[in-house]
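Some notes on the structure that comes next.
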């Protein structure tokens with residue numbers, strides 16, 4: 001329990017700091033969107049480029065782990081997306097809900113938690129999971145949102161607009177450029193690596209403070225519905241799917257199996273909220289999913305640690 005608290009408590013602290021800054025007037029009503037803009041255009045792209053550029057094929061190619069973790073998050077994403085569309089939700093908003101139910105906070109909670117519980121060698125599976133979440137799952141959600149925003153304009157025109165929007169999106173371009181750099185075999189120049197590390201390190205804290213600023217703002221009237229099903233999908237369904245595949249189907253090595261379960265049981269990261277703010281969609285539901293799932297993960301992650309003989 002203490003291992004989980006040590007990692008999760010700072011997450012709440014950053015959200016709370018943002019909340020207090022907004023409520024006391026230290027930051028204005030535009031603070032959340034402006035801080036989020038920094039994360040989207042500078043912080044997260046720097047982090048994505050750096051992670052991918054410094055990765056090798058041998059580090060990334062772990063087929064059993066990749067399949068177990070990917071099926072867990074993409075399966076929940078697909079189920080939630082279809083269910084929300086059946087409820088007549090627009091594709092863009094359904095995609096954000098689906099992302100909220102499947103987007104594990106691998107970067108800010110997953111990496112330190114795995115290393116704290118399983119040792120430094122757990123950095124490798126945590127890094128692979130982070131790349132799946134931010135480069136694959138996030139890119140799919142981006143494509144769905146863009147498709148929803150340009151629907152009804154004809155297939156070829158919609159395809160052109162979606163492709164163009166994705167190629168201009170820093171969250172898609174950054175890992176692609178990082179992959180090209182990694183393929184070149186060249187090491188990053190020290191000044192560039194230091195710059196990327198400094199800017200990338202600010203991504204998660206700024207996103208969490210931005211979330212706190214948003215939660216402190218006056219919300220539209222009426223109850224925000226549909227939050228708890230998304231939280232349950234993230235904290236219960238996704239880890240159960242991943243556990244079955246990692247332990248029963250692929251019988252992964254201990255380190256990779258434990259890492260797969262812990263990483264799939266993580267709370268929702270700030271990605272869905274960040275994307276909702278970026279596209280000007282309603283962010284009340286996904287912001288609460290981030291908050292409530294982070295709180296609930298104190299219980300679910302502790303249960304995982306009790307069940308695993310680590």
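Just so it is clear, glycine is given a Cβ too, placed from its N, Cα and C backbone atoms.
Here is what TrEMBL records for this protein:
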TRANSMEM  6-23  transmembrane segment
TRANSMEM  35-53  transmembrane segment
TRANSMEM  65-86  transmembrane segment
TRANSMEM  98-119  transmembrane segment
TRANSMEM  125-145  transmembrane segment
TRANSMEM  166-188  transmembrane segment
TRANSMEM  194-215  transmembrane segment
TRANSMEM  227-250  transmembrane segment
TRANSMEM  256-276  transmembrane segment
TRANSMEM  288-308  transmembrane segment
Give residue numbers and ranges for long-range contacts of the transmembrane segment (194-215): same chain, 6 or more residues beyond its ends, CB-CB under 8 A. 11, 14-22, 27, 31-33, 35-36, 38-39, 42-44, 46-47, 49-50, 107-108, 188, 270, 273-274, 277, 283, 287, 290-291
Per Cβ pairs under 8 Å, the stretch of 35-53, 125-145, 166-188, 288-308 packing most closely against the transmembrane segment (65-86): 125-145
Range from 6-23, 98-119, 125-145, 227-250, 288-308 with most C-beta pairs under 8 A to the transmembrane segment (35-53): 125-145
Positions whose Cβ lies under 8 angstroms from the transmembrane segment (288-308), at least six residues beyond its ends: 1, 3-5, 8, 11-12, 15, 100-101, 105, 109, 113, 117, 211, 215, 224, 227-228, 230-231, 234-236, 239, 258, 261-262, 265-270, 272-273
Which one of these stretches, 6-23, 98-119, 125-145, 166-188, has the most C-beta pairs shorter than 8 Å to the transmembrane segment (227-250)? 98-119
